[in-house]
Amino acid sequence: METRIAVCPGSFDPITLGHLDIIRRAATLFDQVIVLVVINPAKTPSFTPEERVEMIRKSVEGMPNVKVDAYCGLLIDYVREKGAVAIVKGLRAVSDFEYEFQMALTNKKMLPYAETVFLTTSTQNMYLSSSLVKQVAMFDGDITDFVPRAIYNEVRERLCKKQGNPQ
Ligand code: PNS
């Protein structure tokens, strides 16, 4: 039988518990999920693509049908190359919707057979975003409820100013 592959793209700078929840649920719906760190040359992320991939790998340990990759280019080209059938995105609030809808329609126009599947975020993660997590970590706030346990120390060490990071 055909392996149904879904791609779960994002910046993941860094991965949050909200992302992890979407990845875990996508992994129950598809045979294989590829979590894709999309490199956007216009953005200045806090973590390198390699660091982001590594942090995701640590976070998805024990999920046998989840792979992690990084990519710079058009998402649909990657989806086509991997033979994926779907793009999975998490939706937190109405504010996410317009941009996500625009991207989904554009991707659909360019690659009609690939569906964008939106999973609604779990209520406990509605407020979570990588940028807010970074702000909390930067000022030594507690990020236990925001990022996977496996990357907690790494995020704090890199971002927390009190730990000698001048950024
Ligand atoms: O986590 P983000 O930053 O909201 O993810 C946005 C992302 C990476 C999914 C989006 O910017 C994307 O797909 N970029 C790849 C370039 C591309 O295909 N652009 C056209 C999308 S319609």
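Backbone N, Cα and C define each Cβ position, glycine as well.
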Quick check on the annotation: TrEMBL has Ser11, Phe12, His19, Gly90, Leu91, Arg92, Asn125, Met126, Tyr127, Leu128, Ser129, Ser130, Ser131 binding ATP, so which of Glu98, Glu100 does it put in that site too?
Glu100
Where Lys89 (substrate binding site) falls in three-state DSSP terms:
strand
Ser130 (ATP binding site) and Ser11 (substrate binding site), Cα-Cα, nearest whole angstrom:
9
Per-state residue totals over the domain 'Cytidyltransferase-like' (7-135) - DSSP helix, strand, coil
58 helix, 29 strand, 42 coil
Suppose we draw a 10 Å sphere around the Cβ of His19 (ATP binding site). How many other Cβ atoms does it contain, all chains included?
26
What's the most sparsely packed of the binding-site residues Lys43, Lys89, counting other C-beta atoms within 10 A?
Lys43
